[in-house]
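**Student:** This is the structure, below, for whatever I ask next.
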Amino acid sequence: RESDHRAWTPVSYTVTRQNATVQGLIEGKAYFFRIAAENIIGMGPFTETTKEIVIRDPITVPDRPEDLEVKAVTKNSVTLTWNPPKYNGGSDITMYVLESRLIGKEKFHRVTKEKMLDRKYTVEGLKEGDTYEYRVSACNIVGQGKPSFCTKPITCKDEIAPPTLDLDFRDKLIVRVGEAFSLTGRYSGKPAPKVTWLKDDIVVKEDDRTKVKTTPTTLCLGILKSVRGDSGKYCVTVENSTGSRKGFCQVNVVDRPSPPVGPVIFDEVHKDHMVISWKPPLDDGGSEITNYIIEKRDAHRDLWMPVTSATVKTTCKIPKLLEGREYQIRIYAENLYGISDPLISDEMKAKDRFRVPDAPEQPIIKDVTKDSAVVVWKKPYDGGKPITNYIVEKKETMATRWVRVTRDPIFPSTQFKVPDLLEGCEYEFRVSAENEIGIGDPSPPSKPIFARDPIAKPSPPINPEAVDKTKNSVDLSWQPPRHDGNGKIIGYLVEYQKVGDEEWKKANLTADSCPETKYKVTGLTEGLTYKFRVRAVNAAGESEPAYVPDPVEVKDRLEPPELILDANMAREQHVKAGDTLRLSAVIKGVPFPKVSWKKEDHEVSPKADIEVTGVGSKLEIRNTVHEDGGIYSLTVENPAGSKTVSVKVVVLDKPGPPRNLQVSEVRSDSCYLTWMEPEDDGGSVITNYVVERKDVASAQWVAISSSSKKRSHMAKYLMEGTQYLFRVAAENQFGRGPYVETLKPIKAIDPLHPPGPPKNLHHVDVDKTEVSLVWDRPDRDGGAEITGYLVEYQEDGADEWTKFQTVPMLDCVVTGL
C-alpha cells in the first residue's frame, strides 16, 4: 500500500519463492509491503515492513572525483582543487576524503580529519624538499567511493614564475585639463611581484590628486583633476626575483594655450594702417597653436572689431584705420582645445611719422679674427619710411675719428664682415640707419675687441690619474688638453668631492696656482674616499671637467722598497788610490725608506760623505786609500719590507811589504834569500820583486835583482867577512810597495860545523881517587879554531855521564873519584 493510503493492493497470489518483484510502482512514492504464507488449509498472518520504502533508482557509492589539480606549491604547503564525480551514486555527496602519500612509502594517509565538502584544500606544515602525490574520494550515504587519479609527484618548494603584465592602456594618452584619468592592468608572477610607478623616471608619490591601488592581480594609477604638469612618460614596473616587465604610456594633459607674450610691438605706424608683432605663448597647452585671433578697438569706444582670425604668424597688418584716432589691439592664441586669454596692446595713434631712422641698439661683435670681425645689429625703427642703407663705422679705441668701413650699400642684411683690421689693435664699431629722409643717429659704440684669432674654451685635460697618496694628500697627474682653443693654457683647476657628498670643493682657487700638469691635493681626511676632477683654463674660460676614473681612499700607500743600482754599484768596483769612490742607487718605496750604509757590517768611515734625497742615496769618499776597500752594503727599509745590496770595493794601490824575509845558506861569497808574498797585493797582480843589499858600512843600497817574479833569490858576489843588510819590495802596475829589511846584518863567511872527535884517548897514571888522561887532536876542526875539550866520566854500570870540566890542552887529571 502507499504510505498515505490505508488500502492494501495484492501483488501476486502464487509466489512459491522467498522473493518477489513488485512492478508498477511510482518513483518517488513511499510504500509499505506485507507477506503472508499460504497452504491448502488457508492463509497465515501477514508480516509487514517496519518502515516505508521510497521508490528510487538503486544507491551505490559515488564515482571517483574528477580534475584533481595542483593550484599552488610553496616550500611547506600544497593547494589542490577538484570537481565532483560525474555520478554521485544516487545520493548526495556528504564529504570528500583527501589522501597523500610520501614518495618512497607505500601507504596513503588521510590528510583531512574534519568533514570536508569544499572542493579546495591547502595542505600545510609540509617539509621543504619532500615529494608527495595526492588523491581524493567522495562519500555519500552508502560509503566512500573510488579515489581519483593521483596527481603527479609534487615537490615542496616555492614556485617561481616570471612576471606577466597585461595593460589596459595604449602607448599614448591625451587628457583634457581638469579631467581624471587612470592607467590600469593586470599582472601575475611568483613570488608576488613588486609594482612600481614612475613618471619621467621619478617614483610617483600619492597625494590628494594621485592615487595608486595595487591588488594581488591588478594595478591602477589614477589622477583626479589633471593639470598640465601631469604630462609625461609614465612607466609601471612589475618585478620579482625572476625578472621584470615594464609598461609605458606617454600622457599629454592638454589645455587651451596661455596668452601670447607681449608687449605688442608696433613695427610700422601709418595714417590708415599699422604693422604689429608679438611673441608666441610660453605654454601652447600641449597642442600646436593653430591660429591667432586679432581684434582692434577705437580707444574711445568699447566695441572690439575683428581684424583676422586665420593667421599662424606672429605679425599682422591692421588695416582700415582712421587718421588721428588712437587704437588698442588684442590678440588671442588658439589650439585644438580652446582660446587663450588675450594680450592687449598699449594705445597707438594712427598717423604718418616720417623721420630719419632711430639709432640702432649697441651692435654685437662676433667671429673676430686677426684681420676681420662681424658686426651684428638689430633693425631700428625706420622713422615711418623704409630703411634703405646701413652705415658701419670703426675706430681704434684710443683714436677719436670714426671711419666708414665701406662705401658700398649694406641692406637688407643686419650684419657686416669688416675686413682689413690690424692684428693686435683694439677696435670699436657703430652703426647708423638711413632712409629717404636721411641718416639717423649712430648706435652706441660696441664693446672694444682686439683683432686676433678667436679663443675658445679648451677641451678637457687628458687621462687624469692619482699617482701617489699619503694619509692626508693625493698627488694627481694628467696630460694637457688636445685643443687649447687657440689660447694659452693659464693653468688648471682641481676639485675634489667626498664620496656621498654632492658638493665639489676647489683644491686651488685660481688656475695660475697650478700651471703644471700635476697637483698635490692636501688637507684630506685619512680613511675617507674622494673623487677628483680637473679643468683646463685659458682666457676664454674653463673647460669641461675630466674625472679621475676611480675614487681614491686617502691613506699612506705602502710600496716595498726597490733599489735601482747605478753603474758604480756593480758587483765589484775598482778605484785607484787617491781617486774618489762614488756609490749610488735610485731608491723607491712608499713611505720613503730609511737608508743605511755599512762596511763589513760596521759603520762606514767618518770621511765618507753620505747623501740621501727623495729619489736615491749616494756615498762618496775622496782621496781613497787602500783601507777604504771592502764590502759596502746599502740597506733600505720601510714598513712594507727591506732590501739590501752589496758591492765589493777594491782600492787599487802599490802592494804591501813582502813577509817573512829569511836568509839561509850563507857562504863567504853568497847567501840565499826567501820571502812570502805581501798580505795585500794592492788589488793588482804582483808583477815582480826588487831585491837590494847594502854593506853596513855604506849608506848606499845596491840593486841585485829587479825583475824576479819568484819569491827567492841567490845573492852572489859577496866579499868574504863583510857584513850585509838585504831588503825586498814588491811591484805591481801601480808602483813599488814598501821594503822589508833583514833584522840583523849577515856576515859573508862559510858556515861552521862541530869539530871531529878527539883521537887516541888513554890514561898515563892512576891513583885511588884520580886518573891522568891524554889524547890527540881531532882530524877536523869544523872550519874554526878548537877552543877547548870537554871531559866527562861514568861509573861502571851507571847510565849517566858526569861532566868534569873543559880544558884547553890535550891532557887532564880527573880528581874526586
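Just so you know, glycine gets a Cβ as well, placed from its N, Cα and C.
Feature annotation from TrEMBL assigns domain 'Fibronectin type-III' to 1-58, 64-159, 259-353, 359-454, 460-557, 657-751, 757-817. Positions annotated as domain 'Ig-like' by TrEMBL: 163-252, 561-646.
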**Student:** Give, as a single whole number between 0 and 100, the mean pLDDT over the domain 'Fibronectin type-III' (64-159).
**Tutor:** 87
**Student:** What is the number of residues in the domain 'Fibronectin type-III' (757-817) that are helix, strand and coil, as DSSP sees it?
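**Tutor:** So the counts come to 0 helix, 29 strand, 32 coil.
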**Student:** For the domain 'Fibronectin type-III' (64-159), what does DSSP give as the number of helix, strand and coil residues?
**Tutor:** 0 helix, 46 strand, 50 coil
**Student:** In the domain 'Ig-like' (561-646), how many residues does DSSP put in helix, strand and coil?
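**Tutor:** Its residues divide into 6 helix, 53 strand, 27 coil.
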**Student:** Could you give me the DSSP helix, strand and coil counts for the domain 'Ig-like' (163-252)?
**Tutor:** 3 helix, 58 strand, 29 coil
**Student:** What is the three-state DSSP composition of the domain 'Fibronectin type-III' (359-454), stated as helix, strand and coil residue counts?
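**Tutor:** In the domain 'Fibronectin type-III' (359-454), the DSSP-based counts are 0 helix, 37 strand, 59 coil.
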